[in-house]
Amino acid sequence: MGTSLLCWVVLGFLGTDHTGAGVSQSPRYKVTKRGQDVALRCDPISGHVSLYWYRQALGQGPEFLTYFNYEAQQDKSGLPNDRFSAERPEGSISTLTIQRTEQRDSAMYRCASSL
């Protein structure tokens, strides 16, 4: 009988509960099989026009991914490759999508907003 190695990709958010005073992110945690697509959602503070996505791998500092001003993506230089994309179509809620997840995508994904 052969053995197979099943790799899981673990994605997570901190502070995902919406308190009315902060950014809301969902899902709170996401565990998926390698090769699956994942969409992470960020609902910024009401009235904030700028939105930022970051990721933080275990034992590492935060790494910038992308930045929006209203719905316009101003800087996507931190998106690691073409499997990562982000959108903010109406200048409010943003979605970060990771296609065909890989083990190296395991990290804490965070968003932040500002005026």
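Cβ from N, Cα, C; glycine included.
Swiss-Prot names the disulfide partner of C111 among C7, C42 as C42. Using DSSP to sort the residues of the domain 'Ig-like' (22-115) gives these counts of helix, strand and coil: 3 helix, 49 strand, 42 coil. Long-range C-beta contacts of C111 (disulfide bond), restricted to its own chain and to partners at least six residues apart, with a cutoff below 8 Å, comprise V23, Q25, C42, P44, L51, Y52, W53, Y54, S94, L96.
Around the Cβ of C42 (disulfide bond), a 10 Å sphere holds 26 further Cβ atoms from the protein chains shown.
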